[in-house]
Every structure is written in structure tokens, then in C-alpha cells.
Amino acid sequence: MVEVEVGKKVKKYERRLKWGFAIGAFFVVVAATTFNSQHSHQISTFLNNHKICTCSQDSHKYSGIVEDCCCDYETVDSINGAVLNPLLQELVTTPFFRYFKVKLWCDCPFWPDDGMLCQEGKPQGTVDRTLDSKVFRGWVEIDNPWTSDDETDNGEMTYVNLLLNPERYTGYTGPSARRIWDAIYSENCPKYRSGEICQEKKVLYKLISGLHSSISIHIAADYLLDEKTNMWGENLELMYDRILRYPDRVRNLYFTFLFVLRAVTKASDYLDQAEYDSGNHAEDVKAQSLMHQLLNNPKLQAACPLPFDEAKLWQGQNGPELKQQIQNQFKNISALMDCVGCEKCRLWGKLQVLGLGTALNILFSVNSQNDPAQRLQLHRNEVIALVNLLNRLSESIKFVHEKGPLVERLMKDLPSESFAEQMSLWRRLWESTVGRLNKLR
């Protein structure tokens, strides 16, 4: 009789304990849901505001002439949104511009231990090599003096469909990734000092900084938010922390965009008459038409006839020597792309550095006005890289203009501790409570 009574009391105690943990779990869920709803409301507000962001009073945080260029921020945003971005987005989907020839497996000349396919074997960083059966026809075989890869060497080249390998988050982080950028900035492209009189060195730094900003924006704009569920989306915190909170990085992005745009407009006669032959006649005619619209758009010509004035550079007595020095520095930066440990990062790094090298070659290595015999000649791969780079920069400019001010406002309203960290804490509390309940069953 005594044992029965004791048993009843023990069971009664266990039931109370279970109910206690259940109630505690309920409050954990309620608290987490409340916390989540607050941030969901902020994000909803952000998205609603985004629909009318072009009318926002803060949409032109950056105003006036872009430093060292010939166009202002407002004009760049307007002409990019109305003309350049729509045309470029369509142009890069055509067969001619979506296939890029690249060496994906290269020996690192600086750190041989980094010559691996993909850091830690992350699948997001592996290149999809799927191709269709189109015939690829080459252009004239030449070599770019500003880049390290020999574009005339087809031995280890692979054609890659860029549409199957978008520039996005790959998981490539840590010391290996940091070492690449550290080497670029510290050894080949140091930041100019305040009052720096060497305009050419200043230009090189701003070009690399602008390219870096654009790459970071694309990573944050297409980010793996949850690896378990394979959920992708915009990482607004990352975009703010890496780019938007630093005005000089945004300004350098605009500078790089105008620099590359100037190279495209300077080479307009060549690009307008080029044959965009991929073996698909209908698509090639479309590419030719889109390129013609891009190069001869009256709105662009009226709004920003000279995006960047390259004639101001290399004018001093040491001009040729300085040009050779900077050319060697950029060539080293190009060679550093062979040391990128992630395959897809290496693909986009090589493409965009080649695009920038092509822009440098057009603006600084060809002067047909003073020397008619010095005609511009470009490799097919250079044209593909140049146009895709301009498109990447155009996309970054569009994102900064449309969402930048609202992202900044949203980030300033968030608590000091990140949303992800706080949700992780609630998740651990919930798992701990559920685990105790299971033990009592």
C-alpha cells in the first residue's frame, strides 16, 4: 500500500515537471516568435519601402561629380537604370557573351600550397562545366600586356557557361581568401596617402577597390542563408558591413564603372563592327543589335559623353616609366588569380581582372589618333570579359542606388547584437528544453 502511494506521488511529480518544462518551452517559442516578428516587420517595411525606393529622399546620398571622372552620381544612376543595365543584362545572356574561355586549374606562382580546386571542397565553389554543342569560333590571337594569362594558349583552356556559374556566395573565406586581397593591396596596390600627387597610382588603387566592392556586393546579394535548407537570399548585414558603411568603397565602385564604360565607348567603332559569331545565327544577330544599341544610345551620349578622361594621365617626364611600373603591378594582380583557392571564385576573378586589363589596354596602350598604324585589336575572350565586367559593375551600381539607403537605415535600427546571433540563442534554448522533456518521457 505504501509503495503504491509512493508510486502515485512520483508520477504526479513527473507530470508537474513535464508541464513545467512544457510551459517553459511555450514561453521560449513565444519569445522567439515575438523577437522574430519584430525583425520580420522591419524587413517587411524595408521591402515595402523598396517598391518606391526611387522616390526616396535618401536615394541620392552620393551627389556631385564622381571623383576623377566627368559624370555625376545622379546621371550615372539614371542612365544605368534606364539604358545600360537593361541592355547589358540581355547582352550577357547571348551565346557569344555567356561562354568564357579560362584556365581553371593553374599553379600558384606565389603560394603553391593554395593551388587546390576548391577550399574545403564546398560544392558552392565548384564550376559547372556543362556546355551545349555550339561551335566556338575564335578571333585574332593576341596577348594583353596588362594581364598574366597568355590568351593565345588554348592548351589548358576550358569553355565555361557563365549563366550556369553566377557570381555569388561560395563559402570561400578565412586566411586563404584574406591573403589574396592582402597581397593585392599591400604589395601591388597600396592605398594612396592623403594629398597623393601621383594620379596614376591613385587610379590603380581605386580600380581595384571598386572591383572589390562589386564582388562583395554580388556575394551578399546572392548568399547561402541556410545551408541545411539550401535557402538563398540577400545578406543585408554583410553588404552593409563590407561596403555600404564605407563611403569611399561606394565611390570607388562608381569610379571603376565609369572607367570601364569609357573603355567601351572609346572602342565603340571596333566593337560595333566586330563579328559576334557563336554558330547560332539568330542569337548572334541579336548580340550585334544589342551591342549597337549600347554603343550608339543617344541618351548615353548626351548624358555622359566622356565618362573618364584618360588623356590627363602619363603626361609627366616619368610617364612611360610610371606606366610600365603600374602595368607590372596589375600583371602581378592578374597572376594572383591563379592562387584563389575556390574554383568559381577563380573563374570570376580571372574574368573581371581580364576585363579590367582590357579596359586599361584600350585606354592606355592604344593611341590610334597619334599613330594611325596602331590599331586596336582585341581577343574574343577580352571582349567577353569586358562586357561581363561592365554588367557586373552595372548590377552593383543598381543595387547600391535602389537599396543602399534603405539597407543603411535598416541596419542602424537593428540591435547591436546581430539578428542571427540572437535567433541562434533562442534556438539553443528551445532545443535544450525539448531535450529535457524527451528524457522525462
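Cβ coordinates are placed from backbone N, Cα and C, and glycine is handled just like the others.
Per TrEMBL, the disulphide partner of CYS345 among CYS339, CYS342 is CYS342. With respect to their backbone Cα atoms, THR170 (FAD binding site) and CYS345 (disulfide bond) stand 7 Å from each other. Annotated pair ARG242 (FAD binding site) and CYS345 (disulfide bond), C-alpha to C-alpha distance, rounded: 18 Å. Within 10 Å of the C-beta of ARG168 (FAD binding site) we count 16 further C-beta atoms, all protein chains included. Ranked by CA distance from CYS342 (active site, nucleophile), the binding-site residues ARG168, SER209, HIS212 have ARG168 at the top as the closest.
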